[in-house]
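Here is the structure we will look at.
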There are 2 protein chains.
Amino acid sequence: MSDDHPRYLAKELDANDPLAHLRDRFFVADDDLIYLDGNSLGRLPAATPAHLDRVIRHGWGDRLVRSWTSWIDWSRRIGDRLAATALGAREGEVAVSDSTSVNLYKLASAALDAAPAGRRTVLVDAEDFPTDRYVLQGLTDARGMTLRAMPSDLDHGLQPGELRAALDGDIALVLLSAVNYRSGALLDMATVNTAAREAGTVVLWDLSHAVGAIPVDLDGTGTDLAVGCTYKYLNGGPGAPAFLYVRRELQHRLRQPIQGWFGQRDQFRMAADYDPAPDVDRFLVGTPPILALAALDPALDVLDEAGVDRVREKGQRLGQLIIELTDAWLTPHGFRVASPRDPRRRGSHVSLHHPEALRISRALATQGRVVGDFRTPDRLRLGPAPLYTRFVDVWDAMDRLRDIAERRAWEQVADEPCRVT
Amino acid sequence: MSDDHPRYLAKELDANDPLAHLRDRFFVADDDLIYLDGNSLGRLPAATPAHLDRVIRHGWGDRLVRSWTSWIDWSRRIGDRLAATALGAREGEVAVSDSTSVNLYKLASAALDAAPAGRRTVLVDAEDFPTDRYVLQGLTDARGMTLRAMPSDLDHGLQPGELRAALDGDIALVLLSAVNYRSGALLDMATVNTAAREAGTVVLWDLSHAVGAIPVDLDGTGTDLAVGCTYKYLNGGPGAPAFLYVRRELQHRLRQPIQGWFGQRDQFRMAADYDPAPDVDRFLVGTPPILALAALDPALDVLDEAGVDRVREKGQRLGQLIIELTDAWLTPHGFRVASPRDPRRRGSHVSLHHPEALRISRALATQGRVVGDFRTPDRLRLGPAPLYTRFVDVWDAMDRLRDIAERRAWEQVADEPCRVT
């Protein structure tokens, strides 16, 4: 216990938290386990099992194939819900289906095909999530184009000035994450979109670590293209289908390469030739996984009730508490905050640097019963999720981490790489 | 009732059916509804709701992100189950993830990239399922190649002789369905694979209407590439993830275009550059939908218990009963069998031709309480599923269809296109 940062202050923050009651909307079987990895896999909403059971027994079991008259629109319907709740997009601009990687591939490929002739370079952040770079690497290799990975600060991400300087006349597409998966560093989408537009190019945003954590305003920031996952702060479940966003005015000009029947105009006419749907449906491909889609409804209900602005405010305060307690308790043990300290420059998670971060994350989980995660090369990532993480959870987690640090408890832990998403 | 084809004979067939007890393994709430559309969406296995509830509450709810140490292999694990139960493939040759259309895209693209230089044509069946043609159209257009759609008989499919004649030195890839989605016409995979190999090319098989209905022997037939869906005769649920198969010896030579982190060697090292896994994992892309994957386990349990050979035998007899009763009862009303009559040349479903097939399928569903489906241009498709369809179900369905035919009950029915998958 520390006199400067007593636990009761965290309890007071919880007592005054307008979102505190929402923790009960989640399934929490083990109150002693502190879960700070909602940015890998969000918790199970309490309403989800019964909702899925209904879709399974009634929709599938009773109604059988006849349910397709309803299911057929779910990619769009849930996309519209997500647009209104979390993305600041208009109706008909968002669809949910496939994985984030597949959606990235579709939109990046479409954007490259539509890029001005002669532009041969795709700009990415060297420190972005691997799959984002891999997908773009495949696309640029296949086209004989160049993938330029901008060096980026591991703690603070890309600086807008550096990014602007890199936007030369050869750039066909820029791929960026709104919130960096490792540090949580946040890019100002409006500023970047404007700079890209002035440079005659377009940005494809990966919103995986932003959606449900910070207010995203795709319309207001002039965003053209975005993708993101729904199993982190949206609590859609493991491998829940991802979303894609294409600004309405662009849709008719873009064609994605995977020409499946769910992207076909008037799909059930079964016409001989592919003719892409006139709207966002053209970015769909095959039959979407309905059970996985269904889990998004109860998840979005909770977010709707909270409101993203309140989620954001609490998220910032949870993050600041992690930083405060790191400074007070962990700096003497070789930890360093590896995320922007200014909450306006950071998403919902905070990373701590320590040379033994991998083994510390293991010890923290097994001995401390705190689930965070390790990120290469030497980061312990802590992702409080404002919908269900209490201030006292953060306090307790940091207290347990301090205990591990004081005992150097990681020295007995193996260091094979971990396998979390 | 007909004296020549009395109902009690169908009851006798059920009494002697070694698979009859398996109907209880499925959720059947409404015994009066006759479901002959298991080839669009298979029924809900009775064990699935509880199994999914366990995965949701325990796997997701309790264990949270830590479940990924198990889930990470599910695409492969369930692929191996499927390989052994239904595909005659070896371990490490099948993976389950993404939709059939996305899998088609990946494997077709990989095959075209590996095709001998100078071969510029992809051969498809003009009467194959639309999404198959659409996907290949996209791939050939992007490469400046030609898509050649072979005319095919609506009732009997492609003839092996015609196919062989079309296999000239310009063919880079052949895409075929083992069982035609409309007529059920079956192609002999071994014969076609051999002909393709002799012509220096390769066949990519769509097994969507074959898997779980007929014994597929990918190894024994010398198949190189295949994809297929799991929500028809496999009963995996609406939009269940699809499978892909790549013959082991080919895997290292093929690269698919969607380079996601689930296809990466040593995925969690998060290396800077994409380096495809040395095995079937390289055909994976993003995070698979775990809840949808989970539904395949109880579904495959039932198929395991039945054995595909017994499923096939019963499927042939159910089909023969449809044909017999069509001949006896429906021919005078303008119906004609639009599928191969020889059960060895047909999958599990049977199509009937009638100029009013669309409206008849509607009347049959609403007035007759028989769910089959309409397929363009004028086919009523009836898909008994041997795991849960009884002979008496077929008899009753045909009896109700006869009643509709006698009353010309479809004349009051609207004819907007139907929307089933």
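Counting starts with 1 at the first residue shown.
Just so it is clear, glycine is given a Cβ too, placed from its N, Cα and C backbone atoms.
Whatever TrEMBL says is automated annotation, not expert-curated.
Feature annotation from TrEMBL assigns pyridoxal 5'-phosphate binding site to B:Thr100, B:Ser101, B:Phe129, B:Pro130, B:Thr131, B:Asp132, B:Asp206, B:His209, B:Tyr231, B:Trp261, B:Thr287. The N6-(pyridoxal phosphate)lysine annotation in TrEMBL covers B:Lys232.
Note: the CA-CA distance between B:Phe129 (pyridoxal 5'-phosphate binding site) and B:Lys232 (N6-(pyridoxal phosphate)lysine) rounds to 14 Å. Highest Cβ count within 10 Å among the binding-site residues B:Phe129, B:Tyr231: B:Tyr231.
A distance of 16 Å separates the Cα atom of B:Thr131 (pyridoxal 5'-phosphate binding site) from that of B:Lys232 (N6-(pyridoxal phosphate)lysine).
Between the C-alpha atoms of B:Asp206 (pyridoxal 5'-phosphate binding site) and B:Lys232 (N6-(pyridoxal phosphate)lysine), the distance comes to 13 Å.
Counting Cβ atoms from all protein chains shown, B:Lys232 (N6-(pyridoxal phosphate)lysine) has 28 others lying within 10 Å of its own Cβ. In this record, pyridoxal 5'-phosphate is bound by B:Thr100, B:Ser101, B:Phe129, B:Pro130, B:Thr131, B:Asp132, B:Asp206, B:His209, B:Tyr231, B:Trp261, B:Thr287; the longest C-alpha to C-alpha distance in that set is 30 Å. Spatially close to B:Thr287 (pyridoxal 5'-phosphate binding site) yet at least six residues away along the chain are B:Phe262, judged by Cβ distances under 8 angstroms. The two recorded residues, B:Lys232 (N6-(pyridoxal phosphate)lysine) and B:Thr100 (pyridoxal 5'-phosphate binding site), have Cα atoms 12 Å apart. When Cβ atoms from all protein chains are considered, those within 10 Å of B:Thr100 (pyridoxal 5'-phosphate binding site) total 28, not counting its own. Reduced to three states, the DSSP call for B:Thr287 (pyridoxal 5'-phosphate binding site) is coil. According to DSSP, B:Tyr231 (pyridoxal 5'-phosphate binding site) sits in a coil region rather than a helix or strand.
Around B:Asp206 (pyridoxal 5'-phosphate binding site), a 10 Å sphere centred on its CB holds 28 further CB atoms from the protein chains shown.
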